[in-house]
């Protein structure tokens, strides 16, 4: 409401009259560059902070904060925080009425993200006060994160008389994929759960569905298995296969299928259908039938995820000629972090470290063949050179387990997709096919205990929907057969004489220059083909124990081989000097890497008390309007 005084003159006497003017606020289009991807199109001024125009908002400390939060928090909790901030700075407007964002969304985000602010010594922003600027559902609020989380899904109601194992053979959008995985986990809640390993560059959760008799927990001596699909966004078949596989495992377990029940009862299975959901969206815009090699392959940052992992293969080749050097659990070099590392890559590497995976496969498209490490040639200038790992026999056995169970790959006809590999049995050493560095399979083998192969599931990267049913039936048994290979070789527990588990004990196989280590509970799994082996278990401060083991050809379950280690009373001097490759810095670049903090320390030289934190420079242009409310001491 505005008012104005008007002077009137009557009979020479002046007096003033008061006339009010009413300005009705109306919905206007959102024109803030950091808020263009919200789920609504119109807002209203003034906003909840009484900022009366777009220009005022754009020059405010609140708006600058939501624009730079992604960088300040290293991508954590974003774009969630930015979208939540936009719902306050540019609230949703419908029919000239402002709608408040939901309080429970704010509360959940604060609960999950407050630690990220604490980590950089920043206070929770006042304008994200969940009580002050947000509303309860009974008041008619809106969820600013619903679309991002894949919760807005419009699906056709399916007939109630469908068979128990019913799969819709269609392409799933991101939101449809999330919905399907959550519904599947809900249907089989006693053996399944969903979780996220992190976020894509554009903020989409990297969803995993897990199957186990104790979902969410590692069980002693139960091996961990993973499938990863859609690493290249335009190679979509792997993504769909894993969505179908999740539904199949759930339904068949409930129906009492003995093969599926045995598999889930004895294995912890993790399915990550889409590692590159941002790239998938770009490819999907081209539509099914698109078979290009460029659009959608890379991430939103224009990174090829299968070239983005640390090159540990070159280091393995360097060590191979050194007597006693280890070709396993090679640390990530510090120089790797100087380059551009995708959040998707970081998320997968942290996932690999958090769970003691034994076996894995990554599903790709564009050919029909199974490849195995190494993917990088021993001689870098050689584009096609056979470059085996120390576990060449085991990798060939794993690759053949998938290929032989696939009716097309095992077909002897050369006039078909994948026909070039018929004489090789449908498998090939990766570097012998074509050499590249920074691949995920090599990283799995050289940094963790996990063996991984790459499955090229078809020549069409984005097939038509009517082809998906056939593709599923061609791959179903191969997917199951490969998972069952996680039970080959030996497994056991390494403990001391009191029965206490020994973590990070080394399990060595004579003649194979590649060790694996025990998990937190002292359990281990060592994939091995049939044969006779001398197995050694050793740990710092304990004596070595050796055992001879024979694995029969027809044995399809891991043999149990436990070790009890006794402490060394007087350590030999050579054991007091730990080899450099065994020593991991207390500063873990994958878990703690923070380029802003390092930069601040480098410039500061010695430890000094700073009046303001390192991120204060982001607001240097604001003069007297700097956000003192972000300072904890303030």
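Easy rule for this one: first residue shown is 1, then count along the chain.
The backbone N, Cα and C atoms fix where each Cβ goes, and this holds for glycine too.
Around residue 456 (active site, proton donor/acceptor), the same-chain residues six or more apart in sequence whose CB sits under 8 Å from its CB are 364, 365, 366, 367, 368, 369, 370, 371, 418, listed in sequence order. Residues or ranges marked as active site, proton donor/acceptor in TrEMBL: 456.
With a cut-off of 8 Å between CB atoms and residues at least 6 apart in sequence, the same chain places 103, 106, 107, 110 near residue 130 (disulfide bond), listed in sequence order. Marked as disulfide bond by TrEMBL: 106-130.
Annotated domain 'FZ' per TrEMBL: 25-144, in sequence order.
The feature domain 'Peptidase M14' is assigned by TrEMBL to 170-486.
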Can you break down the domain 'FZ' (25-144) into helix, strand and coil residue counts using DSSP?
53 helix, 14 strand, 53 coil
